Amino acid sequence: MCGGYVANAGDSDLIIEGVVTDSRKITPGCLFIPLAGERFDGHDFAGDCLQAGAAAVLWAAPKETPPGPGIIVEDTLEAMQALAKSYLAACGTKVVGITGSNGKTTTKDLVFSLLATTFKVHKTQGNFNNHIGLPLTILAMPKDSDVAVLEMGMSGRHEIELLSKLAEPETAIVTNIGEAHLLQLGSRLEIARAKLEILSGMKQGGLFVYNGDEPLIKEVLAEPATVKPDGLEMMTFGLGGANDDYPSGIMFMEDKTVFTSRSGGSTPLELPLLGEHNVVNALAALAVARHYGVSEANIAEGLSRVKLTGMRIETVVGTSGITILNDAYNSSPIAVKAAIGVLEKKRGYRKKIAVLGDMLELGAAEEDFHREVGRFLTPEKVDLLFTYGPLSEKIAEGAAERLEPGTIFAYHDKSELIEMLISMLHSKDVLLVKASRGMKLEEVVDAVKNSSLER
Ligand SMILES: CC(=O)N[C@H]1[C@@H](OP(=O)(O)OP(=O)(O)OC[C@H]2O[C@@H](n3ccc(=O)[nH]c3=O)[C@H](O)[C@@H]2O)O[C@H](CO)[C@@H](O)[C@@H]1O[C@H](C)C(=O)N[C@@H](C)C(=O)N[C@H](CCC(=O)N[C@@H](CCC[C@@H](N)C(=O)O)C(=O)O)C(=O)O
Ligand SMILES: Nc1ncnc2c1ncn2[C@@H]1O[C@H](COP(=O)(O)OP(=O)(O)OP(=O)(O)O)[C@@H](O)[C@H]1O
Ligand SMILES: C[C@@H](N)C(=O)N[C@H](C)C(=O)O
């Protein structure tokens, strides 16, 4: 299954239960797969793993023989990917592949919640969406799974191609084309080309569900170089009325969003998520659920009980009673504007406050992108703005064009930001926190959440 051969295993069969790549997380009977990374080489821990109960190890051929039962392979990562591909084929599980600049994880959770009303479904945990995370997700899948909902991430060309050819999706979603990873791709057109690599591994006769509001997707679909499977069925979703599905009505409430759509007619659907962008994500998930025959009753049920992976516009109530919109998982211009849209619609709070940190990997125009986000802010959207990081000084600069003096506070030091923020917050405020993963603004969320804000 992984293109290797057995060594040191005697003549008894070895029963293997599960795959592990971290020696600190060994489970009895697992296969330990040593990976060479930036800081460690997993091969150095193989002996300890066998001592700790691993049944066998993969072992890269150029090294000396394995310290116990082993499968000798050329490259352990490639072997793990091949093993995942073989296992998926052996299980006969259908795959839904999801990519896009924003909303992959959210849409993955939505698709899972809808399909799980009807099928045995496995999904990506957290953000395990790359050349290591996706095969690990597959290798953790129960073998009787009907469907696997797999998030596919990238920050360069041909990364999605590898994932798609490994997982061979029957259904694929592209959520949108934003600015994330512009640094590596150079243009949004290149980002679109990278995302549409998801078509290259799809099964024949598959379904492609994509954001019809994004012209670059249609442009790349028409390019001769774009590899598409035979018999591909396509569906569009988005806010525009030209899409196959779009919202016909949206009601923004404190802890949920109620919407009707072209596909659902006059029947309102309740989504326990905030923001117009999450209605758009939900439309993509609805298309997939209906494609697989999920009933309208189960669709309503599945939507109403979706559980989102944390730090995606997650509402947190602090010990003081303050409302925090924890959107600190990641950030990019489109995502910030979507999150500000949620804050803008909040009513009944003393003040609306935003803490915005650097958006990373945006390439040469990064300062302009930050300035543009600042200019997007108006007194109707935020009462106070705190920025964190060197790039976010440009958010403050852009915001100064529309926000009053004395309402903008720029910081480079997180502890100083937290101190000033807590001194100005009130339990009746609503606070949005958003930045790229590398800024770790969850530390701000935790500090505010645990503060009594007494005054
Ligand atoms: C290889 C690995 O899993 N590394 C993880 C490890 O990193 P660390 O620096 O500690 O170790 P090494 O990588 O050097 O270690 C090599 C192996 O040795 C093992 N090991 C180490 C010590 C020890 O005592 N015993 C051991 O057995 C070790 O387990 C390694 O296997 O830990 C870090 C902290 O937990 C992890 O962050 C690191 O994981 C890497 C980054 C990784 O890629 N993990 C995947 C499972 C994954 O999917 N991670 C996602 C994030 C994916 C992501 O960023 N996606 C992008 C899009 C794709 C970009 C693409 N170009 C890319 O390169 O990723 C996105 O925008 O979404 C996640 O963690 O959320
Ligand atoms: N459809 C969308 N349009 C714009 N922004 C979105 C959309 N969906 C989610 N977001 C924003 O992007 C943030 C991250 O959402 P999510 O984790 O689902 O995306 P992702 O594509 O998995 O992100 P990443 O590539 O960082 O893993 C959300 O908190 C929200 O601010
Ligand atoms: C590592 C990459 N997947 C990512 O999340 N980049 C953002 C911009 C970050 O590191 O903050």
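Numbers run from 1 along the shown chain.
Each Cβ is built from the backbone N, Cα and C atoms, and glycine gets one as well.
Keep in mind that TrEMBL annotations are predicted by a computer and have not been checked by a curator.
Annotation source TrEMBL lists ATP binding site at Gly100, Ser101, Asn102, Gly103, Lys104, Thr105, Thr106. According to TrEMBL, the domain 'Mur ligase N-terminal catalytic' annotation covers 16-87. Positions annotated as domain 'Mur ligase central' by TrEMBL: 98-289. The domain 'Mur ligase C-terminal' feature in TrEMBL is assigned to 311-437.
For the domain 'Mur ligase central' (98-289), the model's pLDDT averages out at 97. All protein chains included, Gly100 (ATP binding site) registers 26 other Cβ atoms within 10 Å of its own Cβ. As a summary of secondary structure, the domain 'Mur ligase C-terminal' (311-437) carries 45 helix, 28 strand, 54 coil according to DSSP. In the domain 'Mur ligase N-terminal catalytic' (16-87), helix, strand and coil residues by DSSP number 25 helix, 15 strand, 32 coil. Its Cβ placed at the centre, Thr106 (ATP binding site) has 27 other Cβ atoms within 10 Å. Within 8 Å of the centroid of the Cβ atoms of Gly100, Ser101, Asn102, Gly103, Lys104, Thr105, Thr106, where the record puts ATP, the same chain has further Cβ atoms from Ile98, Thr107, Thr175, Asn176, Asn281.
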